[in-house]
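The Zn(2+) binding site feature in Swiss-Prot is assigned to His561, His565, Cys665, His669; the stated evidence is sequence analysis.
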Amino acid sequence: MFSSDELRENYLKFFEEKGHKRIASSSLIPHNDPTLLLTTAGMVQFKPYYLGVAKPENSRMTSCQKCFRTTDIESVGDASHLTMFEMLGNFSIGNYFKKEAIAWAWEYVTQRLNIPAEKLWVTVYLDDDEAIALWKEQGVPEGRIVRLGAADNFWGPAGDSGPCGPCSEIHYDFGQEMGCGKADCNPSCKCGRFCEIWNLVFVQFNQDKSGKRQNLPAPSIDTGMGLERLTILMQFRKNVYETDIFAPVIEKACQLSGRQYGIDAETDKALRIVSEHSRGITFLIADGVIPDKAGRGYVLRRLLRRAVLFGRRLGLEKPFLVDMAGAVIARMSGIYPELNKRQAYVLEMIASEEARFSETLATGLELLEEIVRQTKGGQISGQDAFKLYDTYGFPVEMTTEIAAERGLSVDLGGFEAEMEVQRTKARSSRKFSFDAAATAEAVKNMRHGEKTCFVGYELTRQKSTIMDILTEGGSVDSIEEGDEASIVLDESPFYAEMGGQVGDTGEIITGGGRFEVKNTLHLPNGVFLHQGRVISGCLKIAETAAAHIDEERRRDIARNHTATHILQTALRQVLGEQVQQRGSVVTPERLRFDFSHLKPMTKDEIRRAEEFVNDKIRRNLPVYAEEMPYRHALEEGVTALFGEKYGDRVRVLRVGRPAVSAELCGGTHVSASGEISLFKIVSESSVGAGLRRIEAVTGREAEAYINLQQDSLSELSGMLEAAPEESPRKLAELKEEIDTLKKTVQNLERQMSRGEAEELLSKAEDYKGIKLLVSRMTSVNADTLHETADFLRDKLGSGIIVLGTVSEDKPFFLCMVTPDLIEKGYHAGNIVKKLSQIAGGGGGGKPNMAQGGGRDKAKLDEALQAVKGML
């Protein structure tokens, strides 16, 4: 019997023998692909090859790809659905097509796996007669070949656009006794008799976002076989949780909860959810996903919180997901070593997120049960669902799932309306922007598709030839003064925006014209687009041109880029090796570095990181680059950007001998660290859970920043009439004095308001059988108003108190209702809401106490006079 690890290796070796290059799994975060939330299929990392915008080093490839699909999260817990899974695949980019794909697939399942041919059926796309003929050549009887429509046998695209095509699937037949028993039962029947093993996609088209399809440059092959499903079959198990993939993880869940697997259905469901989601969140975090309110971060948060919820149903009241993740890492790190490498970070992130949700879970569940009890008409309102989401962290899908268990639905339209009120959308656009499909179209229409030769590591000026000119309308022969365009050169000293470093600016000059380069972009096929505008004259295709970059700007960028590399080493020295780069931006003015860390840096940590960088600057260490095989670079421990894809040969940038920093980098740098001159951190902040950001300046900008700080300190010292070094102490004394005076004023206000409150008691009147006290108070703040209302409520015993004042030049209202009157239907929150609306504001609160304010203080008295009409 094959183990799952043996099956994985067996498959990859089989296709290596067929001339395929083994490719490592890419990250669950798709590289440079805005059409996908997460990696959903083995072909995702190869999309540029299928689109024809990049060329693979080997046109035959095979991989075992980590995949994640979000469509069935609520279904996880049954015997079949998973979020995270492994996809075995073999791929041809314009090399072989249907004949070889079908022959090798049949050979593998019948000869390598020894699955009896009589247990196998195949399905094909309706009109794919070619595939049918090829299956027959392999000996598959016509009676076990089934034609199906697009819903079953047309694959893709992975996202809203991309490669796609008809497909053919291999199915395993468990036997007539396992299904519906009908004589005409075939793989289109959902009775459970048949199990899809392998999907062979014949990639022929590129589909755009509108659904329009165009033929790809060369037909290709994309196959996918789920390792988990294959393991079930080869280990003769009922479901994936009984295979060696999940058995150790299920065992850990049983050990933690004291429950047994296989005893009752509800316990099994909870154990499966906890185990499957633990695996999913472990891989997501290891691949760089961070819990968030949107996007892939929301998927992670949703999984983690669903796991916690079902853990509670197993009696797991204390945090348990760190232990579960440990079991996942122990089981899978032999195949995916990044799990071991990032274990500390993964576990810390899980602990933090689980603790955050645990704080609100119990209260949220109590509120949800109350909502369920009070819900009439069978539907929980969107407003209630939003409150559970916004206040208690309940993903709406989780609320929907719990509601369904109670026979209720959720008003998702109302929930979305509430979300829209809160949601802010940031959009950015560029005149020249390229998504996957648009890039393919631009490259296809170029007259010159060869890679631009970058000479900018050595040169800042270069004689070149204009190979192409692109405008919004496509390629043109010439451009004139005022025209905006992108110029393609055969050789260029301009660095194209990549790896967080901004593109170079400068000029392209010909005998007849001058072109200002405002930015330089890098297309997937290696072509550089020099974007800008014609300043004077005319530029034409095939002209010789002098390309000049802005050298001073380049030097500023180089200072910041090299400093970024040293900073990453500094952070690992100060905070620990678990620090991972999560992004960077390098501009002439400053650098921005995002990294994984769960808490704010202390002042001491910031100072130590800064001192580390400046020490390396003072040492004037050599900065040098060399090319080497990617595998050698990893063996040497060179730092690679998390989630980035690299070719077989890479450029390694080192600082110092021996190196204090060694990273894969294609950017431009100083030649010695001393050229950076000075490094200064200007801010350290949070940009999300477990994600920190440092902004820093170097060189001239650092000097300017320090000068500004010194000027500010000098001005402050003058105002305090103290020496600069004495200013902090002087300021602290002044603040203490102000705080003391504030307390004195508050005490005086409190005494005055108490006296005023005593007088107010006599103004309480009987109105509709209740005691009502409505009054405007002067010279009190909101806190004092609250204390006054407490005093009046205690003295009245029973009644409604409405007080108003002007605080910070705005009207402020406070209402209290005693318990006996709440039972009669009076509600402080409703009263304050109406008062605040009169004054141009808003407010509300609980039945017993509420407060609110407005914008127009002139409306204060009018609002108070309207109280009786509200009762």
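Note: Cβ is positioned from N, Cα and C throughout, glycine not excepted.
Quick one: where do these features end up spatially?
Remark: His669 (Zn(2+) binding site) has Ala558, His561, Thr562, His565, Val623, Ala625, Leu653 as non-local neighbours, by Cβ distance under 8 Å and separation of at least 6 in sequence. According to DSSP, His669 (Zn(2+) binding site) sits in a coil region rather than a helix or strand.
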Using the recorded Zn(2+) site (His561, His565, Cys665, His669) as reference, state which further residues of the same chain have their Cβ within 8 Å of the centre of those residues' Cβ atoms, listed in sequence order.
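Neighbours within 8 Å of the Cβ centroid, excluding His561, His565, Cys665, His669: Ala558, Thr562, Thr564, Val623, Leu653, Glu663, Gly667, Thr668.
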Using a 10 Å cut-off, grab the number of neighbouring Cβ atoms around the Cβ of His565 (Zn(2+) binding site), all chains included.
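If we count other Cβ atoms within 10 Å of His565 (Zn(2+) binding site), we arrive at 27.
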Just jot down the residues in the same chain as Cys665 (Zn(2+) binding site), at least 6 apart in sequence, with C-beta under 8 A of its C-beta; none if empty.
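Sequence-distant Cβ neighbours: Gly499, His561, His565, Ala625, Arg651, Val652, Leu653.
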Kindly assign His561 (Zn(2+) binding site) to one of the three DSSP-derived states: helix, strand or coil.
helix
